[in-house]
Amino acid sequence: MQKFDSSMMDFEERVEIDDFESEVMERIYSKPLLIKRVNTTSQIAIVGANVCPVESLDYEVPENELVNEDWRSRRTVQIFQYILLKWAFALIIGLSTGLVGIFNNIAVENIAGFKLLLTTELMLKKKYYKAFAAYAGCNLGLATSAAALCAFIAPAAAGSGIPEVKAYLNGVDAYSILAPSTLFVKIFGSIFGVAAGFVVGKEGPMVHTGSCIASLIGQGGSRKYHLTWRWLRYFKNDRDRRDLITCGAAAGVAAAFRAPVGGVLFALEEAASWWRSALLWRTFFTTAVVAIVLRGFIQLCSTGTCGLFGQGGLIMYDISAAKVVYSTPDILAVILLGVIGGILGSLYNYLVDKVLRTYSIINERGAAVKILLVIMISLLTSICSYGLPWLATCIPCPTDASTSCPNTDVSGNYKSFQCPPGHYNDLASLFLNTNDDAIRNLLSTNTVKEFHVSSLFIFFVAVYCLGIITYGIAIPSGLFIPVILAGSCYGRLVGRLFEPISKLDVGLFSLLGAASFLGGTMRMTVSLCVILLELTNDLLMLPLVMLVLLISKTMGDMFNKGVYDQIVKLKGLPYMEAHPEPYMKHLIARDVVTGPLITFSGVEKVGNILLALKNTGHNGFPVIDEPPFSDAPELCGLVLRSQLLVLLKGKAFSKDRVLAGNKVLGKISELDFAKAGSGKGLKLEDLDIQEEEWDMYVDLHPIANTSPYTVVETMSLAKAAVLFRELGLRHMCVVPKSQGRPPIVGILTRHDFQPEHILGLYPHVRFQQ
């Protein structure tokens, strides 16, 4: 029995589509849009999952004779080695990510510090044009370096990286997102980009960096370069790599925000699609290691040998000195902040989406255009940062200031800029600082009159707009810091407005504003709440932070999705949502199974397998037992393309159509099926099959997964989608409800659950709720 089923296929046809949105999506990856035919007519269903040529990951552990034999042969000491290595890798991931986090902070503080000190010295000498030239020139050089790294070495390193990590943990294996070259560019590109004064953060890229480190460690070495160890073979599979990358993502948050508990909750709430208690323990251990590494180096740097990094210990923005007392007017202000955050956050997401679509068209023109775009945004940012402070009026220094005013040699709240002695420029204190220091200034407590309302408004508008147009250019860029900057700015504005009737410090209003904008853009609650509390060291603010996050998230959800969900969709990654679309409950699994289907017999001819592998892009093939191997046709299992390639390379062939399981087990082992690392795996072109071997037979029973996940054809598509995601599947077999029919109807993959595919088949269901 041989039928074609495109739902099993990663086989697409390239066609020309004039639709504007399709054109934009095509240009994101600079490749023709990939579509999938749904029948033999000219009807075409655009599959969002197929916008980029990605594979799905095999999280399912197959049950076949090879795997069972391998488990039976394992001794107690080998099982102990496997468990020990899990914890050892978690330790290494924590150490490595913590060290990279320290390196990033020290590098940014010193590079940006040199640039700002040079600018300040020239300003004090009244050499204003030279000061701007030095400031813009340093920014331009750093920005060009970051852009060149992204454009020529690792384009996948551009952007935050959190959407890609989120998609990977959902089961999407997008090309090169966790490659060693991506890791290199992510580290140094992030340093250059943040130090260049862009309104970006290094926190998002740190999540991607931690995941890249975990992926590199979890590859189990390299057999090509003889850098492997027999123990490491246990981790040459997608399931264990997924767990390690989850630990890496949590470690990245812990290193970026110095928030170990927040890192665990971030991985649980936002990054991971699949979770279990054992993984919770390992992620917690990993983030604890990161916290210890950070604490150790902070103490080492406290002597001043590491620049400005190290001040404040593990708490970046300590506001615990402020007295937390609030009344009814304060609660009303918090509710207002939540509403503002939800509205501004949803607008921010909408504009970021439009800007990304525009940049994708521009970036398609090549590396030179990518770098030119970065240069233009860098110049615009430099002009705003240096030019807007001239609009501010000079403010007399406070007489009771505990720090020096104005600041000339270190970062602080009081930048003199063009002001006479004894005065400071409040806008310059925000613009001519690192983003971290600007946030620290906005969150400063007991400084009600430090910033003019007009200055806060100008800074908010500038940061809001610059954050939108900066994200999407060819540099590693995080969204957390721009959102916190803008949120804390309008939070302080609201605090100034409510000052006559409020008991809360304006610094605390800044924290609540940051929380509201984060909730409105990213739509997270628990993890953001804990991260903010770990950042600010003020547990008394917990009720208000919880309230403002809940309101802003609810308000934002009324308009659009979270920013990371939008970016995942924009990149065309076939992400499986936690909740199926409402119209899926009106369809059954059989409705989205599209033919034709290819199956193999339990003992199949070598030539048939080679032709199927050559002529299709399938990655999963049902194995059907027929007489004389069974009384009636029955589903024996499922075999993967990668398994067939290994089996054919082993040449465990026989001239007769007979069961030859022992012969197969003697020629290949479970280790031969270990997944390749970042290098190339076995391909069809690597096989050397002679012409006379085409008519020989091979027994597929030893490698076929004898217990694939199956659903009856009449199951609700919504229920099937939930099962598919919760079990982390790549293939789901659809079997007939009645007897007397072929044993399998078709196979569902994540592509078949994508709205674009379903609505291409049944456009009318969009209106059925």
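From the backbone N, Cα and C atoms, a Cβ is placed for every residue, glycine too.
The structure displayed is predicted, hence computed values, not measured ones.
What TrEMBL annotates here:
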DOMAIN    704-767  domain 'CBS'
TRANSMEM  79-100  transmembrane segment
TRANSMEM  131-154  transmembrane segment
TRANSMEM  174-200  transmembrane segment
TRANSMEM  244-268  transmembrane segment
TRANSMEM  274-294  transmembrane segment
TRANSMEM  331-351  transmembrane segment
TRANSMEM  371-392  transmembrane segment
TRANSMEM  456-485  transmembrane segment
TRANSMEM  506-533  transmembrane segment
TRANSMEM  539-556  transmembrane segment
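Under the criterion of 3 or more C-beta pairs below 8 Å, with sequence separation of 6 or more, the transmembrane segment (371-392) and the transmembrane segment (131-154) qualify as touching. Note: the stretches the transmembrane segment (331-351) and the transmembrane segment (539-556) are in contact (3+ CB pairs below 8 A, sequence gap of 6 or more).
Tertiary proximity for the transmembrane segment (274-294) is limited to same-chain residues at least six positions away from its ends with a CB under 8 Å from its CB atoms, namely 59, 86-87, 90-91, 93-95, 97-99, 101-102, 169, 242-243, 246-248, 250-251, 253-255, 258, 260-261, 263-264, 267-268, 314, 726, 728.
Panel annotation: around the transmembrane segment (79-100), residues 187, 206, 209-210, 213-214, 217-218, 231-232, 234-235, 240, 243-244, 247-248, 251-252, 254-255, 282-283, 285-294, 297 of the same chain, lying at least six beyond its termini, place a Cβ under 8 Å from a Cβ of the stretch. When the domain 'CBS' (704-767) is classified with DSSP, helix, strand and coil residues number 27 helix, 12 strand, 25 coil. Note on the domain 'CBS' (704-767): mean pLDDT across this stretch is 92.
Comparison of 131-154, 174-200, 244-268, 506-533 by number of C-beta pairs under 8 angstroms to the transmembrane segment (456-485) places 174-200 first.
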